[in-house]
Structures are given as structure tokens and as C-alpha cells.
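J.: Quick one: the structure is below, and I'll ask about it shortly.
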Amino acid sequence: MTDNQEIKPKKLTLGNSKLLLNKSFDSLTGVQSFVNAKSKTLVEVRKSSIGSTTTISLNKERNSLDQTVIDSNKEEFNRRLSILKKAAEQSKLYDSAQISTLSKLASINQSVNSKNEQFTTDKAVEQKQQDIEDTKVEIGTKIVQDDEDIRSQIPNKKKETFAKSLLVGMRTRYGIEAESALEKIGDNKVVVPKIKLEEPKKFKKADLFNMLSDDENGSGRTRSLASIKRAREKEKRKLVSQIPEKVYREVTIPEVIGVGDLANAMSERVADVIKELMKLGILANASQTIDADTAELVATNLGHTVTRVQESDVENVLINDDKVEDLRTRAPVVTVMGHVDHGKTSLLDALKSTDIAAGELGGITQHIGAYRVTLSDCKAITFIDTPGHEAFSEMRSRGAKVTDIVIIVVAADDGIKTQTVEAINHAKAAGVPIIVAINKIDKPDIDIERIKNELYVHEIIGEEAGGDVIFIPISALKKINLDKLEEAILLISEMQDLKASPFGLAAGVVIESKIEKGRGTLTTILVQRGTLRNGDIIIAGTSYGKVKKMINDKGREILEATPSVPVEIQGLNEVPFAGDQFNVVQNEKQAKDIAEYRIRLAKEKKISVTSRSSLEELLLKASGNSKIKELPLIIKCDVQGSIEAIAGSLLKLPSDEIKLRILHSGVGPITESDVSLAHVSSAIVVGFNVRAGTNALTAAEKTKVDIRYYSIIYNLIDDVKAIMSGMLDPIVREQYIGSVEIRQVFNITKIGKIAGSYVTKGIIKKGAGVRLLRDNVVIHAGKLKTLKRFKDEVKEVREGYECGIAFENYEDIREGDTVEVFELVQEQRQL
């Protein structure tokens with residue numbers, strides 16, 4: 001048998017021999033066993049948890065030791081086998097007693113040998129363990145040397161932070177616990193402890209946490225995640241327990257306040273405020289408003305102090321008094337008024353050398369324009385051009401409110417007209433100086449004195465007659481006497497000593513506003529006090545916003561506007577009304593508060609008007625006169641001033657039977673929503689200088705909504721007036737058509753009394769209305785039931801012919817009675 005052949009168990013046994021026959025190795029547990037013939041394990045060698053290099057060297061030593069033991073066992077086995085063979089051959093020569101004695105000797109010998117073998121194996125294992133211990137010491141020394149080399153290259157401030165990651169790297173490199181391998185004492189002494197071999201530990205979350213933590217203390221103790229979680233929860237409980245002491249505030253409460261605003265003023269949660277309201281039996285959300293009394297109860301219940309203020313106090317921030325030392329001379333603001341086509345726009349063209357009349361339909365100015373003219377001596381005049389048509393009286397009235405001087409233009413060839421008188425009344429009401437410009441003096445056959453005499457009737461008296469009005473004959477077309485007009489304006493402005501402060505927050509008036517596609521809300525304003533700058537927050541009526549851009553009357557963008565300067569601004573959230581006062585405020589919150597206050601006032605006023613109107617309708621119904629018809633309209637215009645002028649003119653149309661109702665009005669093109677509203681309310685859509693979009697036109701065609709376009713306001717008013725006239729009930733009146741004299745009365749069976757009559761005048765018709773007169777007193781009024789000529793029924797009988805007649809439900813007819821015949825005729829009424 002060779003050394004490489006597999007050793008198989010022998011059937012022949014010698015007692016309890018511990019002869020080593022085989023070895024085995026378990027790859028899962030890392031255990032190598034040496035087995036004897038009875039499958040009893042003699043030696044078990046376990047794999048250590050040291051690094052790969054040490055493990056290989058130990059395995060080599062173990063294999064060499066095992067091979068030595070196996071070789072010695074083989075030799076002993078062969079020796080004993082030869083002895084057994086010899087004993088078997090000699091057994092024939094000895095008796096059983098001798099064989100028994102030999103067996104006992106062999107057993108004793110085997111026991112002694114077994115003890116020797118066990119001793120040899122224990123010595124080998126002990127030697128192997130000593131070698132492993134030596135290897136561990138070498139590894140520990142190597143770790144210390146590497147650690148010192150690396151630490152010497154690290155700055156002092158980072159050594160402690162880097163130590164943890166360094167030891168972990170060593171542990172990975174050499175396969176042992178780095179924290180237990182080294183213990184640093186002082187700066188130079190290193191003690192290498194005895195290292196206990198154990199299986200590699202499974203990598204846990206705590207190990208990851210330790211590697212990522214920046215513990216500068218270098219503590220080797222590892223905290224579990226559960227411990228960390230408990231510590232954090234404890235910190236949270238401490239924070240919760242440290243609730244700050246509640247602060248009670250002094251709350252200012254206006255007449256109406258929102259729930260959310262009240263909560264913010266008290267620094268309370270909205271939910272707490274809502275709970276307090278629910279205790280009072282009020283269900284409200286954060287966006288709803290409550291009255292001052294309810295708000296005071298809520299604030300008091302929450303421990304706050306309440307100060308009540310009037311809601312109108314929000315506008316107190318708009319009051320600014322100018323200091324006398326800050327006042328500076330400003331340019332005069334001149335308003336040009338007059339009748340239609342008397343030359344107001346042409347006069348402005350001549351003054352500022354621009355042709356704006358070409359852009360006006362029919363030479364009629366449709367909305368206010370503001371212009372600034374700089375004269376040759378660098379003095380400036382601001383002109384406001386108001387329309388001359390009577391429908392724009394509201395706009396002209398606003399123009400008079402903001403002006404310093406009024407120029408009334410009168411055509412020398414036309415004289416005083418209705419709008420001229422109206423302009424005079426507005427100027428007188430404003431209490432401003434008046435200059436009368438008698439225009440078109442270049443035309444032949446004019447009489448200036450006649451114009452002056454007509455103005456005297458309206459208490460417009462010239463200086464030459466002892467009055468204070470300046471008359472200047474001019475020709476805007478030929479530019480005659482324009483310099484005299486400018487001199488008169490400057491003279492009056494110097495006499496008035498016009499001044500304003502350019503400092504402080506700006507204020508002024510809205511001249512006009514509109515919406516332009518791509519630019520948004522455009523508002524023309526006139527600055528009256530302070531200086532308006534880009535970025536200012538302004539409030540105008542119920543509109544507010546930040547000034548994003550300012551453009552002057554020349555179309556150039558500017559950064560600021562001083563008193564008497566008209567500009568067009570962008571940035572308001574909605575279109576303000578012409579004539580609204582604008583003010584600059586400190587912040588957007590102030591502007592929003594003022595706007596909300598004004599909106600509430602407008603709603604209350606609207607509700608009051610609606611309630612009064614509803615009461616009037618109820619009284620009419622109760623009186624039996626409830627046949628009131630309604631004409632609903634939707635008005636869309638290019639500018640806000642036109643909306644007011646159109647609405648004012650339409651509402652002035654006299655009618656007790658037709659109620660004109662403006663469902664919606666706005667600035668901008670006609671939209672699809674306007675068409676939808678008109679469809680559900682059977683309204684007419686009116687567009688003034690605007691058109692409907694494609695979608696709106698498509699919707700109007702489907703729903704059969706009537707859309708009408710206008711460019712001249714009096715055409716619009718005439719059409720609406722005609723529509724309202726068509727809705728009026730016609731007038732029914734009696735039209736006399738003839739007379740009949742009763743000459744004889746006949747009683748006919750089954751028919752009754754028939755009056756034999758003679759037509760004395762006109763014509764008599766069957767079914768016509770009749771009045772029976774006896775001694776010139778009407779004793780019956782009714783209808784003609786029967787009309788016969790001889791025995792035939794006829795429709796009419798003319799004058800000079802005889803006929804037979806009978807009345808409906810009346811037979812008290814006598815000879816000599818007279819019958820008047822009439823028809824009921826309907827006539828269309830006009831407003």
C-alpha cells in the first residue's frame with residue numbers, strides 16, 4: 001500500500017486500538033478531525049479568525065504535522081500487522097493458554113503505545129498554538145508601526161477624528177478587532193494585549209453609524225440605534241415641555257374684519273378663533289368676515305385687549321399736509337370745453353403741433369386726453385380735452401374738477417349751443433376762471449358781437465364790459481391769435497399763484513383708463529401733489545397696484561412725474577373710474593385695506609339701491625300695475641369713461657313701463673362669457689369701439705345672441721331708444737267713422753229688436769264700436785252685433801243708405817235715437 005492510496009477500515013481488530021486510520025475537514029465549520037479505526041475523533045483543529053496570510057501559514061504547519069502523524073501510524077500499523085501474521089502462523093504451535101497470554105501482552109503493549117501517541121499529538125497541538133500566538137504578536141506590532149507612520153502625516157487637529165477610520169481600515173486589512181488590538185498610553189508607549197481569536201462579526205447598522213460619526217472623544221463604546229432614538233425622543237419631550245408663555249396683545253378691531261386677519265392680529269391659530277366663534281353659535285371659515293362686536297368677544301375670550309376703531313380710519317393715511325416752505329410754482333391745468341365740432345381738438349392741434357383730430361371719428365373726441373405743451377419761453381401748460389357731446393357731461397364735470405382754467409370754444413359761425421351752455425355751468429360750478437375762445441374767425445360773414453351778446457345772457461361778461469371773462473377771437477385752422485391765448489393763460493395762472501409741493505407721497509386724479517391687449521390696465525393720471533415714481537404703490541378708487549411703467553404724452557418712458565404732469569401708468573389690478581382720486585401709500589397692505597373698505601361701501605350702496613328698487617316693484621305689483629318690461633344690456637367699451645357716459649345717458653331715457661337693466665359693463669373686447677350671459681338673460685350685447693373675438697362670434701351665432709357695434713355714442717343711444725319704444729304697449733284710441741239715425745224699431749221672433757236706420761254721416765261697419773245717444777246723452781256703449789241691408793248681412797254701409805242694426809246684449813232702442821260708430825286704432829308710442 002502506497003502513501004497516496006485511500007486507507008480503508010480493516011476487519012481485523014486488536015482490542016481498543018486507537019490506531020489513526022483517516023482524517024476529515026469540515027469546510028462550513030472550519031474543523032479538521034483525525035479519526036481512528038473506531039471512528040473516534042482523536043484531534044480536532046479549528047480554523048482561526050486571523051488574516052488570510054496567517055491562516056495559510058498555519059494550514060501549512062498543520063498539514064505537515066498531520067502528515068508526520070499519519071506516516072508514523074502507517075509504520076506502526078504495518079509493524080503490528082506483521083506481528084499478527086506471525087502470531088497466526090505460530091498459533092498452531094501454541095495452546096489456548098499461551099494464546100491468551102500473548103493477547104494480554106499485546107493489549108498491554110497497545111495501551112502503552114496509545115498513551116505515547118496521545119502524548120505526541122498533544123505536544124504537536126501545543127506547539128501549533130504557540131506558533132499562532134507568535135504570529136498574533138507580530139501582527140499587532142505591525143499594526144502599531146503602520147498606525148504611527150500614518151498618524152505622523154496627519155495634522156494635529158485631525159488626528160483624533162481620523163483615528164476611528166484608521167483603526168477600522170486596519171481591522172479590515174488584518175482581520176482582527178482594531179479597537180482591542182491597540183491601546184495607546186502617552187505619546188510613545190504601546191502595549192500589545194493578548195488577542196482572543198474569534199469568528200468575524202456580522203456587519204451591523206451600528207458599525208455604519210460609528211464609522212460615519214465624528215465623535216472627537218474617540219470613545220470605543222458603540223451606541224445602539226435604539227439608544228440614539230430614545231435620546232432623541234427625550235430631547236423632543238423636553239422641547240414640548242418648554243412651551244413659551246402666551247403673549248396677550250392689544251388688538252385693533254375695525255367695523256368689519258376677516259377671521260384670518262383677526263387671528264393674525266392676535267397671533268392665534270385660525271382654528272382656535274373658529275372654535276371660539278362656534279361657541280358663540282357662528283360658523284365661519286378663515287376667508288369670511290365678522291362684525292366688530294363678534295370680533296371683540298372672540299379676542300376678549302382669548303385674553304387679549306381690544307381697541308375699537310372706525311373702518312373709515314383706514315383712509316387717514318391718505319391725508320398729507322404740504323409744508324409752506326416745500327411749495328413750488330407749477331404749470332396751469334387748462335380744460336378745453338365746447339359744443340360738438342366747434343374746434344376744440346383743432347385748437348389743441350395748433351397748440352401742440354400734432355394732428356390728433358385725424359384719429360377722431362367725424363371730428364368728435366370720444367374720450368378725455370391730457371397733453372403737456374411747452375411754450376417758447378420754456379413755460380408749460382397742461383391741457384385736458386373733454387368731449388363736446390352731451391352724453392359726456394360726467395366726464396366733462398370731472399375735467400372741471402381738476403382744472404385751473406377753463407377755455408370755452410365757441411364757433412363764430414354757429415353761436416351758442418346746448419353743450420356750450422352746459423360747459424358754462426360746469427365752469428361756474430367749479431369756480432375757475434373762464435376764457436372764451438371765439439373760433440373760426442377766418443370764415444366770412446361772422447359776427448363776434450352777436451356771440452358776446454348771447455354769452456351775456458348766460459352771465460358771461462367780458463372785461464371790456466366790466467366782467468372778468470377774457471374774449472379772444474382765434475382761428476385754430478389758420479393759427480391766428482394763438483399767442484394771445486397762451487399769454488392770457490399764463491397771466492391768469494400768475495394771478496392765481498399756482499403752487500404745489502413736489503415732495504412727499506404723490507396724489508392726483510384719474511383722467512382715463514382702459515385695457516389694452518399685451519399691456520394690461522392702462523391709466524392716464526394727472527399728478528397734483530408730490531412726485532410719482534416707478535415702483536410706488538398707489539390706490540385709485542377700488543383699484544390698487546405697483547407702478548411698473550410710466551409713459552408721458554409724447555410716448556416716451558419716464559421715471560418720475562411732478563405736479564401738473566399727465567402720464568400713462570401700468571400696474572393697477574383693475575380699471576379705475578375716470579375722476580377717481582389716486583394716492584401713493586407706504587405698502588401694498590395699506591392699499592389693499594383701503595380698497596376692501598371702499599368695495600364694502602359700494603356693495604352696501606348697491607344693496608340699498610336694489611332693495612329700494614325691489615320695494616317699488618312690489619308696490620307696483622300690489623297696485624295691479626305690474627306690466628313693467630325689462631331691457632337687459634351688456635356694454636363693452638374701449639375706455640372706462642365711455643362706459644359711464646353711455647350708462648348715464650341710457651338710464652336717463654324716460655320710461656315708466658320699460659326698465660333698462662345693465663347686466664354687465666366692462667373695458668375690453670366682447671368675450672365668450674359675455675355672450676353666454678346674454679344668452680341666459682336674453683340681453684343685447686353693445687360694443688363701443690370694441691369687437692367680439694372669434695370664439696365669441698361663434699358662440700353668438702349658435703345661441704342667436706344680438707351683438708351690435710357702435711363708434712359714435714349718439715347712434716348707440718338712438719338705437720336703444722328705438723328698441724325701448726318698440727317694447728312699449730301701443731296707444732289705443734277711438735277713431736270716429738260715422739253716425740246713424742234710428743227711424744223705426746222692429747221686433748223679430750228669435751232675433752229680438754232690429755233698428756231700421758239711416759246712415760247720416762261717414763260709414764258704419766259690422767263689429768265696430770257704438771255709442772247710443774238719447775237726447776245727446778250716452779245711454780249705452782258696446783258693439784254692433786248685426787248689420788243688414790234688406791235681408792242680407794253686409795260688412796259695411798256707407799253714408800246715404802238705409803240699414804238694419806242690432807246691438808250686443810242690449811235692446812232698449814227707440815225711434816229718434818242717434819248712434820255714433822267708431823273704431824279702436826293702435827298707435828306706436830315713442831320715448
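Using the three backbone atoms N, Cα and C, a Cβ is placed for every residue, glycine included.
Okay, so Swiss-Prot annotates it like this:
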DOMAIN    329-499  domain 'tr-type G'
REGION    338-345  region 'G1'
BINDING   338-345, 385-389, 439-442  GTP binding site
REGION    363-367  region 'G2'
REGION    385-388  region 'G3'
REGION    439-442  region 'G4'
J.: Pull the DSSP breakdown for the region 'G1' (338-345) and write it out as helix, strand, coil residue counts.
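T.: Breakdown, helix to coil: 2 helix, 1 strand, 5 coil.
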J.: Taking every residue in the region 'G1' (338-345), what is their average pLDDT?
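T.: Mean pLDDT across the region 'G1' (338-345) comes out at 78.
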J.: Report, as a single number, how many Cβ atoms besides its own are within 10 Å of the Cβ of Ile441 (GTP binding site).
T.: 18
J.: Hey, what's the Cβ neighbour count for Gly338 (GTP binding site) at 10 Å?
T.: 27
J.: Under DSSP, is Ile441 (GTP binding site) helix, strand or coil?
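T.: Ile441 (GTP binding site) sits in coil per DSSP, no helix or strand.
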J.: So of Asp341, Lys344, which of the binding-site residues has the fewest other Cβ atoms within 10 Å around its own Cβ?
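T.: Across Asp341, Lys344, these binding-site residues, the one with fewest Cβ atoms within 10 Å is Asp341.
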